[in-house]
Amino acid sequence: MVLSAKQTFSTKIGLFRRNPSSLHQRSPLSLSFPSTTELPKRTVLSVTKPLHLSSLRAKSPLVRPCEAYEADRSEPQPPIGGDDATALETKSEAAKRLKIGIYFATWWALNVVFNIYNKKVLNAYPYPWLTSTLSLAAGSLMMLISWAVGIVETPKTDFDFWKTLFPVAVAHTIGHVAATVSMSKVAVSFTHIIKSGEPAFSVLVSRFILGETFPTSVYLSLIPIIGGCALSALTELNFNMIGFMGAMISNLAFVFRNIFSKKGMKGKSVSGMNYYACLSMLSLLILTPFAIAVEGPQMWVDGWQNALAAVGPQFVWWVVAQSVFYHLYNQVSYMSLDQISPLTFSVGNTMKRISVIVSSIIIFRTPVQPVNALGAAIAILGTFLYSQAKL
């Protein structure tokens, strides 16, 4: 809006009349009286929030357009150029990759620590049903405390949520106990070699039960998985049928867990951390009566005394560590699912098995024949090819 000198002066006088206190205070408006010697210049008056006025050159000597900017900014901010936008996008992508890398490193490290302490406990205290129960109990207690003190926001759930979670919890409970039974009978490395065959179960169940179809490359990737697992099983020095079947049952149970989870949890607004917490609590309720029926308190007490006598007080630390680290590594894996694609998660899970197999062989000095190692390598390679074929 362009005002003449007379209009400008009259407007300013009107402002002073409506607000006499402004004569004694510094006005938030930038007031400028025109000079009689410079009549061609014009001033724009803003009656809104305090603005600074910046005159720019114009084609006409009588009219000067003004660029206004807010009082809390010293200069007008130029738009972000192409280079700046590219730099910001690059920084954002780098930060995302770093976050994913931290998730993976934490996930693998926690899983390795859990498997080491879990095997130590099972060697001294061969009661897999109780150790499985303690793992779920520790995680449930940790999350209840986190919700109570406000560290983690309490999830908003209803009856329908727990109803859809129940079959997931049943499959999770079976898979968890079966894997623990397997590791109580065979080496950690052998259990994880067999568990690397989980994609084969996933394809077979999806194909023959759910009626899903897959490209030929997916079916071809199952050949090295099945062949590698079979080669490792046939050449395992300390082969045990219960250990082998426990790992196989665990594979099948976790496949159904994933299927039930995908079907039942669509549209549920629960974070990965809280989802796994609820899953642990429901699994604990399911597992506890079966653990009591299969093993029983009397066996637990006698075995505990024998373990303390053989290992010493550090056995208690082993039990606490395997229980806590079990929950933490699973929690981080579910949290990572909120940040990455299922394909990236599958590749990360394959690399996790490699880290567990190698570390357990080194720590427990597990004897491995070259043919057995070759079978493990073939199975893991097949798992990687499977994840790529499903892309």
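From the backbone N, Cα and C atoms, a Cβ is placed for every residue, glycine too.
The following features are taken from TrEMBL:
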- 98-387: domain 'Sugar phosphate transporter' (DOMAIN)
- 100-117: transmembrane segment (TRANSMEM)
- 129-152: transmembrane segment (TRANSMEM)
- 241-260: transmembrane segment (TRANSMEM)
- 272-294: transmembrane segment (TRANSMEM)
- 306-328: transmembrane segment (TRANSMEM)
- 370-387: transmembrane segment (TRANSMEM)
Maximum Cβ pairs under 8 Å to the transmembrane segment (129-152) - stretch from the list 100-117, 306-328, 370-387: 306-328
Same-chain residue ranges lying at least 6 outside the transmembrane segment (100-117) that approach it to Cβ under 8 Å: 183, 188, 192, 318, 321-322, 325-326, 328-329, 332-333, 335-336, 339-340, 344, 348, 351-352, 355-356, 359-360, 363
Integer average pLDDT (0 to 100) for the domain 'Sugar phosphate transporter' (98-387): 90
